[in-house]
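Accompanying notes for the structure given below.
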Amino acid sequence: MSYTLDSLGNPSAYRRVTETRSSFSRVSGSPSSGFRSQSWSRGSPSTVSSSYKRSALAPRLAYSSAMLSSAESSLDFSQSSSLLNGGSGGDYKLSRSNEKEQLQGLNDRFAGYIEKVHYLEQQNKEIEAEIQALRQKQASHAQLGDAYDQEIRELRATLEMVNHEKAQVQLDSDHLEEDIHRLKERFEEEARLRDDTEAAIRALRKDIEESSMVKVELDKKVQSLQDEVAFLRSNHEEEVADLLAQIQASHITVERKDYLKTDISTALKEIRSQLECHSDQNMHQAEEWFKCRYAKLTEAAEQNKEAIRSAKEEIAEYRRQLQSKSIELESVRGTKESLERQLSDIEERHNHDLSSYQDTIQQLENELRGTKWEMARHLREYQDLLNVKMALDIEIAAYRKLLEGEETRFSTFSGSITGPLYTHRQPSVTISSKIQKTKVEAPKLKVQHKFVEEIIEETKVEDEKSEMEETLTAIAEELAASAKEEKEEAEEKEEEPEAEKSPVKSPEAKEEEEEGEKEEEEEGQEEEEEEDEGVKSDQAEEGGSEKEGSSEKDEGEQEEEEGETEAEGEGEEAEAKEEKKIEGKVEEVAVKEEIKVEKPEKAKSPMPKSPVEEVKPKPEAKAGKGEQKEEEKVEEEKKEVTKESPKEEKVEKKEEKPKDVADKKKAESPVKEKAVEEVITISKSVKVSLEKDTKEEKPQPQEKVKEKAEEEGGSEEEGSDRSPQESKKEDIAINGEVEGKEEEEQETQEKGSGREEEKGVVTNGLDVSPAEEKKGEDSSDDKVVVTKKVEKITSEGGDGATKYITKSVTVTQKVEEHEETFEEKLVSTKKVEKVTSHAIVKEVTQGD
């Protein structure tokens, strides 16, 4: 089987193909020219005729035909080059005849080659037909496969040859495109040159017009000068005529006078000679004046010509400069366009990068939000686990105390209790009544929020950190002192109805209540530590949610929380004492609820607290009073309770240390103040009449509270036992609040006073926002607005410059309290757990 390309095998078709294709040939030289040159020539229809066959001679014949066409084109070029380079007419004719003979010989040889090729192709066809017949007769399947492979190889060879031809054509087309591009550039350059020449022609035409105008002006000047010369000549002639007339008149008179004389001729001769002398002199003078005037006019004309020539040269120079500047302007415009394109590209890239960065920022914010929610969830789970742990610890401690109470009851006589005064406290009936009240009333949440807005305006940042530390410490101490005084007043009012409602019980009931009070003390201690942990965990969550840069502080706070949780499990005795404290707080909550139930009709509209000095005296005096009260309470607790855990001592030390540190910081960082303006606005809204009464009354010392408690419970020992224990609980609660505030203040000082802080606090696993808390019906709002302005003027001695620093610190405190009550059944007694959380939000705004 044979696969022939009939379309390419036809010589006429191939001629048509070769006519449309131009071949590029490089000629080394010619007989008449000794240089290398390139030429573009098109092959004639009779130059190349080849066929694409399966025979082996086809590529060789095609190559020979291409060589012949290149030789013919080289001969054509040599002919043209000899014509261009020149020579004698005989040489040109001789070379032309030689070239014709060579072309005829080559054409004859090429025709012979073509005939031979046709003959060989015919023979190849016959031989291939015979071979194919033999193959069809004798070939097996394997032989057919070999034949097919051979055919495929041959077809691939032909395909490669066709691809080679195609590549050659593509190369030629590329060369043609390059030539076209080069010709286009040349055409553009020629057009540019034409424009330049046309511009030069227009400039020359303008010069010609200007020169013609100058010529006309000069002609006018020449005409005017000629008119002036004619006028002068006429004047001169008139003067000469006048002189001649005068001479003739004088001659006539002389003739009349000398009429009688005989010697007239001599006199006339003399007169004529004199007249001629005068006329000659006048003529010479007139000619000299004319020549002088003409010379002056010619000099003026030459000067004008020089000025015109210099002006023309300047004009030409200016035109050349204008052309150069126009060229520079075009180049600058090109650079401007390129720079604008680059700028647009850069802006597009910048916008793209900005959009991508915004997408990444949005993604990171979403991830951060997710991590915050995850963190809050983990914190809620942690709080739930802590609550479960605390409940289990309370149960364990209750069972332990029940067992210990049974042992002590069997060991000692029920009526004779001769221990220390404050080791075993007398029971009180108020527990049962309180529990009944908590059954009826709905649980109340009390959350305290503080909004601190600091607006700082200063022209120069100087000693900013120390000043802000002082102001923040003073504000925190004032708020702590005010909250402390309010709680003391509330506790004093609560102690009175508790003492009134305490009847006498049987010895067995007293023993049971002693055990319950011990459990309450243990629960109070545990609740205090849990509140400290909640404050620290809230602060850690606030720092992590608002500022990513404070991750190290969060880790430190988490380590503190872990340390506190480990410390909680150190000893069972400490847990028992904490349970007792929690039960004591349960009693306080129940007393408050009883008072609210008994006196609902006394609720009045909220009244503002009039005395400003009670809320904000000097910070140092407040701090000193708070420390003295804390020390007195600590001493009384040591007298009352013999078995005190080391944890409580550590808590008290922690409470005292931050205030001492704040006082030291105040002493170390003094600030020179020129003018200090303090504006304090306090507005408080209270819904219960009991709280209004506590606000109207001034804070009483702690000793009076103790005396009242002792007088009310004078006949019974439980009253005297109860008042110091309640004061102890109050002290712990207040100290816990102060400690949380001081720790928060230290964190804000470490983060820097100039930065904006907005902290959201998660309390007991609930993310409570201020907007949601304001919607609560039973929530009481306390607002303390403190505005402090500090103006500072410092002068530098060297430069004589004066710095004016103005600071305005506005602190807004909003206190909202919510109470959570939980009920548990334990051996026919009910325990109520009170969790008071303080959520503190600070908004700090600094303006320079």
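Here the Cβ of each residue, glycine as well, is placed from N, Cα and C on the backbone.
As recorded in Swiss-Prot:
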REGION    1-51  region 'Disordered'
REGION    2-102  region 'Head'
CARBOHYD  T47  O-linked glycosylation site
REGION    103-134  region 'Coil 1A'
REGION    135-147  region 'Linker 1'
REGION    148-246  region 'Coil 1B'
REGION    247-263  region 'Linker 12'
REGION    264-285  region 'Coil 2A'
REGION    286-289  region 'Linker 2'
REGION    290-410  region 'Coil 2B'
MOD_RES   Y318  phosphotyrosine
REGION    411-848  region 'Tail'
CARBOHYD  T430  O-linked glycosylation site
REGION    482-785  region 'Disordered'
COMPBIAS  499-509  compositional bias 'Basic and acidic residues'
COMPBIAS  534-553  compositional bias 'Basic and acidic residues'
COMPBIAS  577-604  compositional bias 'Basic and acidic residues'
COMPBIAS  611-677  compositional bias 'Basic and acidic residues'
COMPBIAS  689-711  compositional bias 'Basic and acidic residues'
COMPBIAS  720-732  compositional bias 'Basic and acidic residues'
COMPBIAS  748-760  compositional bias 'Basic and acidic residues'
COMPBIAS  771-785  compositional bias 'Basic and acidic residues'
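The Cβ of the residue listed as 'phosphotyrosine' has no same-chain neighbour under 8 Å that is 6 or more residues away in sequence. According to DSSP, the region 'Coil 2A' (264-285) comprises 22 helix, 0 strand, 0 coil.
Secondary structure counts, DSSP: the region 'Coil 1B' (148-246) has 99 helix, 0 strand, 0 coil. Summarising model confidence by region, the region 'Linker 12' (247-263) averages a pLDDT of 58.
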